[in-house]
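Trainee: I have a structure here, written as structure tokens, and I will follow up with some questions on it.
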Amino acid sequence: MFQKRFTLPLYQIAALLFGLKTYIMYRFMFNISLDNTMQEFILFINAIVSAILFFTLSVWFKERRQMKFIRYGALIGTLILFFNLVFYRNFNDFITIPVLFQGSNAADLGSSILTLIKWTDVLLFTDVVIIWYLSKKHVQTLSVQHLRKGKIAATAFAIALLAGNFVLAEIERPQLFQRSFDREYLVKNIGLFNYHIYDAVLNSKAQTKRVFADGNELTEIKDYINENVKSNEQSDLFGIAKGKNVIFISVESFQSFVINNELYGEEVTPFLNELIKEDSSLYFENFYNQVAQGRTSDSEFLVENSLYPLPSGAVFFTNAQNEYNAMPEILGDYGYYSSVLHANNKSFWNRDIMYKNLGYDYFYGEEAFEVTEENSIGWGLKDKPLFEQSMKYLQSMEQPFYTKFITLTNHFPFELDEEDATIERYDSNSNTLNNYFQTIRYTDEAIKQFFDQLKASGLYEDSIIVIMGDHFGISENHNQAMSQYLGKEITPYEQTQLQRVPFIINIPGYDGGKVISDIAGQIDVKPTLLNLLGIQPQNNLGFGIDLLGKQKEDFVAFRNGEFVSDDYVYSSGTCYDRQTGEALESQSDVSTQEKPSNVCGPIKKQVEKELSYSDEIIYGDLFRFYNFENK
Ligand code: GP9
Ligand code: MN
């Protein structure tokens with residue numbers, strides 16, 4: 001019936017049928033958000049390209065095996081799509097390998113699985129039936145037998161297509177592979193099958209490092225911490241907030257340079273400027289963010305664990321299965337109910353998985369909020385409605401609670417509706433910086449409004465409110481505009497100073513408020529908060545200090561090995577005097593210099609040691625060998 005010269009070979013038919021089906025599923029059965037035509041295009045081609053690559057591999061087999069490869073390939077591929085679809089209908093997320101082995105998730109699915117399958121799902125197997133039939137009945141006409149050259153050419157062509165797909169993906173979402181971001185982004189850009197391969201590689205890398213660790217390393221690390229980091233003297237404020245709720249607000253891209261600063265004669269953040277002056281507030285003016293590629297998620301990791309994030313990739317993705325002894329877990333042992341309120345896709349930064357592992361009781365993600373065209377901008381729900389809509393959750397929450405808000409409006413590219421703008425735009429060559437003042441002013445107002453609501457609801461008196469910037473919003477690319485605004489040149493020293501983010505602890509009823517100038521970092525948040533709450537786990541392991549206690553560790557380390565110490569700032573290979581900003585010495589590697597003037601060298605060595613200890617803990621999943629006693 002089939003004339004060889006009129007028909008495509010089966011592997012090409014299969015690639016087209018299967019590729020189109022995959023695209024149709026992405027588009028109409030999964031709920032993948034597409035923001036522009038480029039994304040739409042990438043979604044379409046990644047479906048087709050993956051199918052072409054896979055089915056092209058069949059040309060390496062002889063006739064019968066070729067047919068077998070194609071029909072089983074189509075069947076298994078369809079089953080993978082189908083399982084993902086069922087999983088997606090329940091969790092609104094794609095399957096990841098660790099999740100498959102996580103009892104709770106599978107059990108969740110087990111009971112509801114029948115309600116998640118629709119009878120129309122049978123149609124998903126239409127192409128499999130066609131391919132199966134053709135592969136059995138038309139072996140001769142539909143198989144191909146290329147010479148070696150032909151096989152190589154066909155495979156090379158398919159690989160070139162895949163490379164083209166990856167290039168487009170990288171253009172659409174720079175650093176997609178290094179930073180991982182979100183499963184939806186990965187699927188959207190490289191397709192479900194490539195995503196599964198990527199996920200498998202990421203996991204096996206983490207697993208290999210884990211397998212060779214045995215916990216002996218911990219003794220050395222513990223000694224280091226006792227000797228160099230922790231101080232044993234308790235702060236005067238120990239327990240001052242005992243039993244209070246903790247409301248932690250992680251403010252997106254909030255940098256300290258706007259605090260107590262003006263734009264065209266107007267305060268940028270009037271509410272927060274007032275708040276830090278209050279007797280009930282502690283404000284740390286030299287508090288630095290310490291994040292790496294995992295951005296917001298890295299800042300969360302630092303805060304919850306007092307461990308450093310990883311040098312590459314987001315630890316929320318790479319080591320979400322580790323054993324931790326995070327703040328929500330510790331607070332849980334003291335009767336706290338913990339939750340996160342963040343109106344974004346739950347799987348962003350792998351939060352849905354990581355939060356459970358950190359001990360969070362509940363995550364109010366995007367679907368917990370009413371998000372409309374009118375009340376959202378840029379990345380999603382605006383900060384004012386976020387807080388407004390959260391009040392009902394806070395009011396019905398079991399107390400004491402530990403609750404983390406993550407704001408969104410002040411996120412790059414800092415978009416804001418005209419009617420929400422209450423300060424002028426800046427005028428420079430950087431639109432990013434120009435917009436920034438308006439969005440951070442908006443967030444300042446949102447926090448003010450939230451404080452009013454907390455007071456009106458009676459929750460304020462029973463809580464402490466912590467406000468922290470997660471990381472910078474204005475990158476080095478905008479240094480010219482930044483230098484225009486600040487009225488000074490942005491040297492590497494200033495660049496480091498720009499890594500300061502606000503850290504405010506407001507303790508209603510307390511009247512010893514002050515501005516604290518000691519250097520501090522996100523790594524110090526956990527011990528500081530726990531001490532205020534009167535909690536001091538005996539054998540806690542972390543690299544931060546209680547900022548209100550007798551200090552020990554005297555530097556703030558950045559992930560790239562740079563640091564700020566009491567006296568020096570080490571940035572871009574140069575050692576600066578911290579007070580004057582004057583360069584002290586400049587050489588590519590200060591640690592190799594033995595001269596007495598080499599003041600940054602010894603600190604740099606210790607910073608590197610500390611970072612590598614933290615990495616050892618994470619890569620080796622060392623806490624699984626450690627017995628934490630939180631009470
Ligand atoms: C997304 C938000 C922003 O949920 O936390 O993440 P970022 O891009 O800042 O890391
Ligand atoms: Mn962020």
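In case you wondered, yes, glycine gets a Cβ from its N, Cα and C as well.
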Trainee: Could you look at T219, T296, T432 and say which one TrEMBL places alongside E252, D470, H471 in the Mn(2+) site?
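Mentor: Candidate listed by TrEMBL for the same site: T296.
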Trainee: Could you state the CA-to-CA distance between E252 (Mn(2+) binding site) and H411 (substrate binding site) to the nearest Å?
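Mentor: On Cα coordinates alone, these residues lie 6 Å apart.
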Trainee: Starting from the Cβ of H411 (substrate binding site), draw a 10 Å sphere and report how many other Cβ atoms land inside it.
Mentor: 19
Trainee: Within 8 Å of the centroid of the Cβ atoms of E252, T296, D470, H471, which other residues of that chain place their own Cβ, given that this set defines the recorded Mn(2+) site?
Mentor: S250, V251, S253, F254, N289, V291, R295, S299, I406, H411, G469
Trainee: Against which stretches of its own chain does the transmembrane segment (152-169) lie, if we need a Cβ under 8 Å and a gap of at least six residues from its ends?
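Mentor: Long-range Cβ neighbours of the transmembrane segment (152-169): 38, 41-42, 45-46, 49-50, 52-53, 56-57, 59-60, 146, 176, 189-191, 194.
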Trainee: Reported as an integer number of Å, what is the Cα distance between H411 (substrate binding site) and T296 (active site)?
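Mentor: That comes out at 11 Å between the alpha carbons.
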Trainee: Quick test of the contact rule: Cβ under 8 Å, at least six residues beyond the ends. What residues does that give for the transmembrane segment (111-132)?
Mentor: 10, 13-14, 17-18, 21, 25, 70-71, 74-75, 78, 81-82, 85-86, 89-90
Trainee: Can you check which residues sit near T296 (active site), meaning Cβ under 8 Å from its Cβ, same chain, 6 or more apart in sequence, and list them in order?
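Mentor: Listed in sequence order, they are S250, E252, W349, I406, D470, H471.
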